[in-house]
Every structure is written in C-alpha cells, then in structure tokens.
Ligand code: HEM
C-alpha cells in the first residue's frame, strides 16, 4: 500500500474508533444507571447489615475479612435488572475492545503512512497516548477487576481522540531532523504507557475518594448512594491505584530520567537543560515520589495519598497539553 | 490489625518525631535532626522541590535565553527587579532552590544511613516468634489432629518451598520472605545520591560553548574562538580544553518541497575535516543532528544553520572596504535572514548596510520575504548608511547589529535608498559613495562543543535507582506462622500470616499452606 492509502485508512479508523468508544461509554453509563436502580431496591436490607457489622465490612481489607456481609445479603433485587446490568458492563467492555483494535490499527497505519513512529506531533501523540490509556486499562481490567472504571476510561479516550481528530489533525509527514532517533521511540513509548497508567491510577483515585467519603458517612450512621455500593471497598481501590502507579513510576523514571536525557544528549548536546518539558516531567516524577512516600506516612495514607495521585495526573496532563501550547521550548512539536 | 501493621512499619521505617525537644543544646539538636530526617519532612521537601521547579518553566531563564530575560526586564519595570531579587531568572542555581534540594538530600542521607544498619542487622535476624493470638491475624486457619506427628517438619519444608526463610520455635515455626524489598528501597535512595553527585560533577567541571562557522572556514578549540562560552564553576581555562581543530567543508540541508508541511526541515548534514591534536592526521566526519562528533570527551553538535551572503564593498575612492561572507541570522522558518555589513575602513566616509538575505525571495504586499527555506531564488535586500570615520575604540561590537546613532541613511529621489540584488549583481551607492556587489552566498553552521564529566555516574546512579525501585515496589514481604498446641486434650494446628507490603492474596497462600499440612498427618476432620 502507498503512504497515501495508509493515511486514508488511518483517517478512517481513528474517527470510527472514537464513535465506538463513545458507544462503549453509553453502555457503561447505562450500567451505572441500572446499578442505581438495582441496588436502590435492596438498600434497606443492606443498610442494616452494614451498620450491624460494626463497620468491618466497609473499612476492612477484603483479605482480612473474607466474608463481606454485604455480599451475603439475600438478593432482593430483581434478577432481571442485575442481568441487564452485567450485560451492559460486558457490552461496554466488548465495545472497548473493538474500538481498541480499530484505534490500534489507526495508530499503526498512521505510522506506516509517515514511515516512522506515530508520535512526531501533537495529533499523533494524542492518538498514541489515548491508545496507551486503553492498553493499560485492558491489561489490568481482569486482573484488578477494573470494570467499574469503564465509564471513566472510555470517556477520557473518546474525548482525547475526538479532540485530536477535530482540532489537532495534521497530515502525515516525515520528522524534523531533531526527532530522528531510536531513543525517541523508547522515550516516548515509556512516557505514553506510564501516562496511560497515571490516567488509570488517577481515575481509580478519584473513585476512591468518592467511595471513602461514602464509607465514612455510613460509619457515621448515614447511607451510601446506591450506585456507589457496586464499587469495590475503598481500601481495595487504594490498593489498585497503588499497583497501577507502582507499575507506572519506574517506567516514568526510565522514560524521563534515562531515555529522555540520553536522547537530549544526542540531539542538543546536553542531557538536562531545564527546558519547560523537562521541568514538568521532573515535577511529575517528584509528585509521584511524594505519593509513594505519603502511603508510608502516618496521616497521609488513604485520602492524602489519593489526592497526591490526582495532582500527579493533572501535572502530567499539563505537561502534555499546557506546556506544548503555552510555553515555548525545544520540545515544541512540528505542526501543533 | 492496623495496629500491628503500624508497629511493624515503625520498627522498619524511621520513627515519626514526637514530643517537644528535650532540654539542652544536644537534645535540641537531636530533635532538629530527627525532624529533618522524618518521613513527613521528606514529604514536605519533595513538595517544595516540585513547587520550586515550576517558576523556572514560566519565567524566562538567563542560562537558557538571556535575550528574553532582558526583554522581560524592559517590559516589567516593577516586577522585573523583584523577580531578579528572588532569583527567578535563574531558578535552578538560586540559593533557595539549592537549599531545598540540599536539605532533601541531607534528610535522605540521615534517613537511609540508619535504615541501612537496621537492615543489615535484620538480615541476620531470624523470622520472629508467632504472636500470642494468631487468630487476630489475616487469613487465619486452624484444624485439629489426633496427634502432632511431623506437622512442624512438613510446614518447614512447605514454607521453604515457598521461598520463606524459616525458624523453628518450640511447637511453632516463624517464616519470612521478601527481604529484598527493603534492600531495593535502600539501593534506590542511595543511587539517587550517586546520580546527584554525577550531575554536580558535570556542572562543576564541564563546559559548553557555541560557535558559528561559515562553510569553508575552520575552528580551533580555545575559549577566545567561541561566540559564547559557559564554563562550569571549577573549569580552569584553555588548559582544560582538548586541542582539536576542525574545518567545515560542506553543508547540506533538505526540506519538504510540497504538501502541507512544505518547508519543514528534513535533513541537515555538515561535512567536517578535523584534527584531534595539532600534529594528528586529518580525518573527516559527517556531522548530523543526533550524531555528534566525540573528541577526547568533548562532543561537537550541529545545532543550526543559516546563510552568509558574500559581498564586496568599494568605497568612494574605489578601494575595497569590505569583502567576504557575513553571517545573517534566520528570522523565520523560511530563513528570511537579517544581517549587517560594516565597512568602517571606507573613505571618505564609512559605510554600513542592513537588511535581509532571502533564500527564496518573493515580493509581496508587505515587502520582500522568503517563502521557502532552501535557496531557490536568492536575493539580497538592504539599505545603506554613511558616516564620519571614527577612531577605533577597541570595544567589542556585535557583528549582527549596526550602531546607527552616528550614521545617516542614504537617500535617493527623496526616498530611502534600497538595493535588491541577485547573486553576481552590483549596485552603485548614491552620491558616488561607492558600490556594493553581491558575489554569492555561503552557508554557515552553528556548532556546540561541550564536555560534561560525571554523565556515566549520573546514568549509573539513575539506572541502579530503577533497579532498586523494582525491588522496592514489586517484592512483597510476608510473614507466616504455623503453630501446634494442645487445647482441651486435642492437637490444634494454626496457620496465619501478615503482609508488610500492599500485596493481596495472603488468604490464598495461607489456605494453600494449610492444605499442604493436612493430608500428611490429618486423621481427624478439620474444624474451621
Ligand atoms: C530525593 C528525594 C526522595 C525521593 C525521590 C524518594 C523517592 C521514594 C520512592 C519512589 C519511594 C517508593 C519506593 C518504596 O515504596 O519502597 C520511596 C520510599 C521511601 N522513602 Fe523516599 N525518596 C526521597 C527521599 C526520602 C527521604 C529524605 C526519606 C527519609 C525521611 C525517605 C524515606 C523513604 C522511606 C522510609 C520509604 C519506604 C516507604 C515504604 O515502606 O513504602 N525518602 N522514596
């Protein structure tokens, strides 16, 4: 196939993937809506159990307390609605897989069209970075039971892809000479994958804060919003966020503190020059180091750490979007 | 449960500072030191470091772009001097930024050195005795046996198989694994220090300079030859520079010729001849972006390029007052290049010219511009000035700027005189003041030459740090106990464990161990 043909295929696949991600998002939104309805019916019964169990069910580690009473509650909800709920969840995941395959195809054909790695400008970095979010989510979705993240992930990916296709599109072309290096390949793929994990970890941390607040309210004798009951316990989500971010941190360290400097040394003759992009990468790194410390510091565990993880995510996004658009530096991409 | 976790964390991690300082200087010092090396302080310092790094990305920085800094100072009469006082134009060398990271690293050393000795002691320590109430631990399992038999031996074997270190106690075994977590953590923190030392080394003893060389000309490595030179604080001068020299033989640039990215740079190549030392044989090298030439630890990089029109200026008396290439500086992506030509030796009046070299000239509604970076239609468009000869002051003057304060612009027919020349063409100056010939043009390259010692150390440090990090984040320490005791005439076997990291799946492992213990000696049924 000719580069033009590849480019056409890519330009077809990316919008299609966007639409299917959006459909997956609708399906997950229905899942949340159904969850609300389904749990509301059994709310009264569960509330009793939660309060009676002295909070252990909601604050304990699931491995500490293997039999979470809330699970043993006889199902008062109609089986039909639970089935529909599961179906919505499964359809959402299935659509996400389908969109992901098309998305992957779109990124690969884009690379083939340009004759190089597909992250030479902001359009390409957007489609690749959102692909990384989808990859990290799909890798971890079974292992860490991340189904509850479907809505957030499909929203983020569909939004980034849509924005890229509408506002950032740049036709495929070769690279400016400074970007010719295999260290660029390593540097950017490490940054993109860890960025995907920061995003997933950030989304989990947001839901953690919501759930933890709801649990505190239950302990204080209040009730929990119906849709939140289907989320894992706050402690389990805290553990999930940690694992995803613990996966991201060494990769980010390698990407921005090893591969990046090596490439900068080749391209600009200095491995570190306090370029705005470098500064914000370091700030991101330091914030996540603070996150890992916070988890080991009394008074900062839990909510404090989760907030730092969210700050880290915003810093990462600012580095990618804000620094490119607002601050000029050596890292400005061709054709932003 | 949380209580136990905390106790263990307190035993292995640094203690949180508590209470007011004890009386006396020593007590007070100790208290300060404990504060400084506490986990909370580390957290605060990390935040300060992140926060402190930010202004340097938003305010122009002297070492990166001094011109932007002076523009900023000119534009902000009150804010500018304030920023200057706060060191905001050179954040990363400012006293307060240095203070943050030095405190952080002192805290780091104070934190990890004691932990190292605790760890070394802990390496020899045996896995601890089971706590009295195993049933308060997670994943607790118990079953009954007719008689104890060899449960302890089976448990020891099973736990060893699961890579636990095992210690037998009276009627019980304690087991522990995951010692590498703390080792990884210590390696990580120590390696950060190593990396910082490497970085500091480079900034003290290194140097960096740039020089613009017109194709055909040469450069030899001495401080005086640089256009711009930044030595490290401990750099001593020419003796520290390797004595190489080079000549730029040729330069080639390729640009995208069509499509939406028309004009974007595609390829730069400079052909160099170089000598490592004055008497070494001459070698050649093809210098490209991303492919520096390495000489004696110094590296030569291709940073940029541009055009240098070759011009001959004759004065009013018919003598050649200037001849040669004059580098012009590109102003936009199509290389509309601005420059000046000075002929201070011209008589009876000195001459000066200012204007543009346009590689692909196009006369648009707003005047002449270049519309493509390559030399498809080169033209020189300039205006001229004349003035009284002035005595040499010896003050260095920028070769890219014309001091017009004592010069008068040439006029013709009541308008400013302007020349527009293609290569090979000449123009007469008004009032028989002389002539100017556009002989042709050369390309120039901007080279950066730098030496950064300690890079290997910094790289080794950060690589070891990542290795340590993997150990620290992915190794999960776990303790497990098996105890056999008599209870109301029956033999009871208890199994329980404790995670010291965020690992899950403890319950599964305890379950598996319990299952392994049962068949070998089980004769009675289990009682959960
Ligand atoms: C340059 C500054 C520092 C950076 C970038 C940094 C980074 C990190 C990172 C990424 C971790 C996570 C690895 C793990 O969980 O084992 C960690 C853990 C740790 N750090 Fe630091 N650190 C710094 C300074 C310090 C200082 C000053 C202290 C002492 C107060 C300290 C004490 C600890 C401790 C005790 C842990 C283990 C926490 C745990 O058990 O999970 N660190 N550090």
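Note: Cβ is positioned from N, Cα and C throughout, glycine not excepted.
The transmembrane segment feature in TrEMBL is assigned to A:6-26 (among others).
Proximity of distant same-chain residues to the transmembrane segment (A:91-113), defined by a Cβ-Cβ separation under 8 Å and at least 6 residues beyond the stretch ends, is recorded for 1, 3-4, 6-7, 9-10, 12-14, 16-18, 20-21, 23-25, 27-28, 31, 124, 127-128, 130-131, 134-135, 137-138, 141, 147, 150-151, 153-154, 157, 161, 172. If you look up TrEMBL, you'll see A:91-113 (among others) marked as transmembrane segment.
Annotation comment: TrEMBL describes A:119-331 as domain 'Cytochrome c assembly protein'.
Taking Cβ pairs closer than 8 Å, the transmembrane segment (A:125-141) reaches residues 14, 93, 96-97, 99-100, 103-104, 106-107, 110, 118-119, 147, 149, 153, 156-157, 160-161, 163-164, 168, 188, 192-193, 195-197, 199-200, 243-244, 320, 333 in its own chain, all 6 or more past its ends. According to TrEMBL, the feature transmembrane segment maps to A:125-141 (among others).
Sequence annotations record features per position, and here TrEMBL assigns transmembrane segment to A:148-170 (among others). Within the chain carrying the transmembrane segment (A:148-170), a Cβ under 8 angstroms from the stretch's Cβ atoms is held by residues 14-15, 17-18, 21-22, 24-25, 27-29, 31-32, 89, 92-93, 96, 99, 103, 121-124, 126-127, 129-130, 133-134, 137, 141, 199-200, 203-204, 206-207, 230-232, 334-336, all 6 or more beyond its ends.
What TrEMBL lists as transmembrane segment is A:182-210 (among others).
The feature transmembrane segment is assigned by TrEMBL to A:244-264 (among others). Within the chain, the transmembrane segment (A:244-264) has long-range Cβ neighbours (under 8 A, six or more residues past its boundaries) at 136, 140, 144, 181, 183-184, 186-191, 193-194, 197-198, 200-201, 204, 270-273, 278, 281-282, 284-285, 288-289, 291-292, 309, 312.
Residues 191, 198, 242, 245-246, 248-249, 252-253, 256-257, 260, 304-305, 308-309, 311-312, 315-316, 318-319, 323 of the same chain lie 6 or more positions beyond the ends of the transmembrane segment (A:279-296) yet place their CB under 8 Å from a CB of it. What TrEMBL records for A:279-296 (among others) is transmembrane segment.
Positions annotated as transmembrane segment by TrEMBL: A:308-327 (among others).
Long-range contacts of the transmembrane segment (A:308-327) within the same chain, counting only residues at least 6 positions beyond its ends with a Cβ under 8 Å from a Cβ of the stretch, are 122, 125, 129, 195, 198-199, 201-202, 205-206, 209, 241, 245, 276-277, 280-281, 283-284, 287-288, 290-291, 294, 300, 333, 336. The domain 'Cytochrome c assembly protein' (A:119-331) scores a mean pLDDT of 88 in the predicted structure.
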